[in-house]
4 protein chains.
Amino acid sequence: MDLISEDDAALLVVYGKKGKPKKFLVKVKRGKVLHTHKGSIDLSEIIGKEWGCVIETSKGERVEVHKPILTDYIEKIGRATQIIYPKDAGFMILKSGIRPGDTVVEIGTGSGALTMVLANFLGRSGRLYSYDIRRESLETAERNLRLLGIDNVVLKHKDAKEGIDESNVDAIFLDIPDPWEILPQVHERLKPNGPFLAFLPSCEQVNKTVLKAREVGFGLIEIHEILDREYESDERRTRPAPWMIGHTGFIVIGRKISRS
Amino acid sequence: MDLISEDDAALLVVYGKKGKPKKFLVKVKRGKVLHTHKGSIDLSEIIGKEWGCVIETSKGERVEVHKPILTDYIEKIGRATQIIYPKDAGFMILKSGIRPGDTVVEIGTGSGALTMVLANFLGRSGRLYSYDIRRESLETAERNLRLLGIDNVVLKHKDAKEGIDESNVDAIFLDIPDPWEILPQVHERLKPNGPFLAFLPSCEQVNKTVLKAREVGFGLIEIHEILDREYESDERRTRPAPWMIGHTGFIVIGRKISRS
Amino acid sequence: MDLISEDDAALLVVYGKKGKPKKFLVKVKRGKVLHTHKGSIDLSEIIGKEWGCVIETSKGERVEVHKPILTDYIEKIGRATQIIYPKDAGFMILKSGIRPGDTVVEIGTGSGALTMVLANFLGRSGRLYSYDIRRESLETAERNLRLLGIDNVVLKHKDAKEGIDESNVDAIFLDIPDPWEILPQVHERLKPNGPFLAFLPSCEQVNKTVLKAREVGFGLIEIHEILDREYESDERRTRPAPWMIGHTGFIVIGRKISRS
Amino acid sequence: MDLISEDDAALLVVYGKKGKPKKFLVKVKRGKVLHTHKGSIDLSEIIGKEWGCVIETSKGERVEVHKPILTDYIEKIGRATQIIYPKDAGFMILKSGIRPGDTVVEIGTGSGALTMVLANFLGRSGRLYSYDIRRESLETAERNLRLLGIDNVVLKHKDAKEGIDESNVDAIFLDIPDPWEILPQVHERLKPNGPFLAFLPSCEQVNKTVLKAREVGFGLIEIHEILDREYESDERRTRPAPWMIGHTGFIVIGRKISRS
């Protein structure tokens, strides 16, 4: 049975006014105390308990103890740097047609959010090669991957424009500002009919990527923007949340066709 | 090398006015001829060619030959029955925290679209149990799964309200009209802190599900609606498509907490 | 008392499956019969009745008899040509700060939909000058305005790029493909601090308009896209409509500032 | 010529990082100094200048001096209390079919935002009767109306459920939590075929209002939600703003039909 142990990561949740959750992603340590605006929480107390247990703060406020999942880690990373959100990452994976065991290339490791999602999806038999030109991105990503026990990723400190080493790749994900510069190499390194998926903040980048993709030899080109509306519901009423994320990025997809 | 063979499924694409793709998902047979508004296509011609090759119709119109991916099959199913779209399925999988190898229950097989996505994601080491009370749904789903070579799904002709057989389940997906009726059993059968994810068309269903989930013992309850905006981009301009899907369904998520 | 008379315009509504309204905008004539898929309607029958009365088709189906309002006319025009929708027109008027009695210029009469809305808003004491280079647009607009009894509009068959005749104008509305070409004249002809409002289908047009507006001397530049989600609600459920209009156009607004 | 005078309201705008405008709605007074994070502004300096002039703060930062329009006042009110936004108010007015000179009733004055928009639209020859049960709402609204020089509004401290005094009204706007309670009186007091328009935050309120409207005798019932997406555009790129208002309210509309 999987009980809470020292050194586990735990997601502690206290609820504020209007039932809004306040989340704390912590490492469980005997003797460690977490201070919140609702009172302090003694982490010793949860060791040996079941995931999903409910405890109380020093002020008697309810605390839920959750076992963090991948999107909880990504949410935490997202507070510090730009990330790809679940709404975007989930859609991209489905539209890429990749399957556990596949070989995938990612250009632009960034914070490693999409890296983690892809690696988790590909499983132990799959392989992800992730390129970035910034050493600090790779270091952050490596730390995050280790935290999650993910070991099927090869991080590469290299400018992919100077060459992608892998070939016959099942899919290539692009999270860089100028993917059009690299689409010829991407086309060359994909397996026949393999897709590229680019994540892009602006209309101008979308246009440049689409035009280059047509020229280089991609078919079934699609452009999507995924929006996530949150709702609130209780005894009194159901309604969309008053604020929402207005924009993260556009997704451009194409599948390799033969040049002939 | 993976070339096009007889009996393979192929996605043929011709482009209409304004570059809009018209897609044909066909089984490749020697001697079979597909008739389109852009001329006929002799399927014999593509046998032995590479995926992603480009051929011509009898009228000299360009035809792209794609190797169909999971979402192409789902898109085809979607023309006949209600399906869960990539935007919703991808998001649900990420928010469920499941991983390849996990054990998952689906209540409401329906057309089998989500079934296929889940089974593909769980991989050979995972297991999906899918319940439906309509025998014809299960037969359609079985046919679709066989078509894709997916064999890690157990289809069950049973009303889950009378009992879910599996226990310590990693996640339960609900695609039935009245999930609140079954949330107590769902809670019981999930592993500690395991999530449920319900897909629901209306506000009233959302409200009933949320209230029941709180009562039964779920935390971190969230309600999402995912929207997919498509764009068009060419040499002249970039803009959102004039029509969009206005609504598929709401997604309600909760994670099991201990009742105490 | 305002009863239905011969030669009045009337909006007849029959309801199809799922309660979807089917609308007929007709001229009331004694002896005229309207044929619908729900049976025929004898228009003689409604003469002398009250607006909002309910009659029956020859097959006994319910028919509501509404007095058409401006948006009903625009909806009808919209079936034939491109129009500006209520969601866009209403927003543009409010953001223009115009008041009944003001003097306004419109560049690009088009179908006359926005023309009608502006003219109706300005009232008898106001004045609208509307420019178009296509004679047929002006003819259509003139017919539509006469139909509605609107007489405060001066239609001009002239390319506004060769000069806007009016000066010290309260606001200028632009519904042409290349408003940036004309922004210097627009700036010159507006009263101090007067606004321009441009309606534009694509991102590239938005960008060109915004950059030119900054250069020419406009402040408080804003870009908006207004979306209209329709919902369905009955005894059983409330939910967004399954389809929606995905895009009409972007709205760019700026207020004239002194060049110095 | 309309120059800036003492006691005029002025909208001063300084631009922060990323060009985001910071707005100050002030009364112009000789000797008054406004302190901003970009330096102080001496209001004496703008007296006698043209609207739209550009001055500098004590730190040499650019300040635009705009003549406030109705939506600027509403935006300011919106910082303190719940308001109806331009996107909603503009749409409601267009869909109501009202014209300058009409007689309109508003139930729920609230902050007076919609009151101001309606009164401005109806013009001097029109009349607006606005009901509220909270005396402080009426006082705020009165102050706001006086500020704008609007004098065609009759504010009524009365519960409209106990009776609407006016009859043969052109349109009735409802901004109260339970409009279904009052729909029978609304129906009675409207002119034949006159519309009601209700603004409602939640799905449950929408459903109750729609069901009651059908029962009481309204036709062409529609439910809309208007969304306003803002965009950013400069030399480098065009894209939707990262945050947006997720929800203000739903709009329910119906037109009176005869009960028979």
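Every residue, even glycine, has its Cβ placed from backbone N, Cα and C.
The annotation S-adenosyl-L-methionine binding site is assigned in TrEMBL to B:Ser111, B:Gly112, B:Ala113, B:Leu114, B:Asp132, B:Asp159, B:Asp175. Every protein chain considered, the tally of other Cβ atoms within 10 Å of the Cβ of B:Asp132 (S-adenosyl-L-methionine binding site) stands at 26.
A count of other CB atoms within 10 A of each Cβ picks out B:Asp175 as the most crowded of the binding-site residues B:Asp159, B:Asp175. Mapped onto three states, the DSSP output places B:Gly112 (S-adenosyl-L-methionine binding site) in coil. The Cβ of B:Leu114 (S-adenosyl-L-methionine binding site) has 27 other Cβ atoms within 10 Å, all protein chains considered. With B:Ser111, B:Gly112, B:Ala113, B:Leu114, B:Asp132, B:Asp159, B:Asp175 listed as the residues that bind S-adenosyl-L-methionine, the site has a largest C-alpha separation of 19 Å. Sparsest Cβ environment among the binding-site residues B:Ser111, B:Gly112, B:Ala113 (other Cβ atoms counted within 10 Å): B:Ser111.
When secondary structure is read from DSSP and collapsed to three states, B:Asp175 (S-adenosyl-L-methionine binding site) falls in the coil class.
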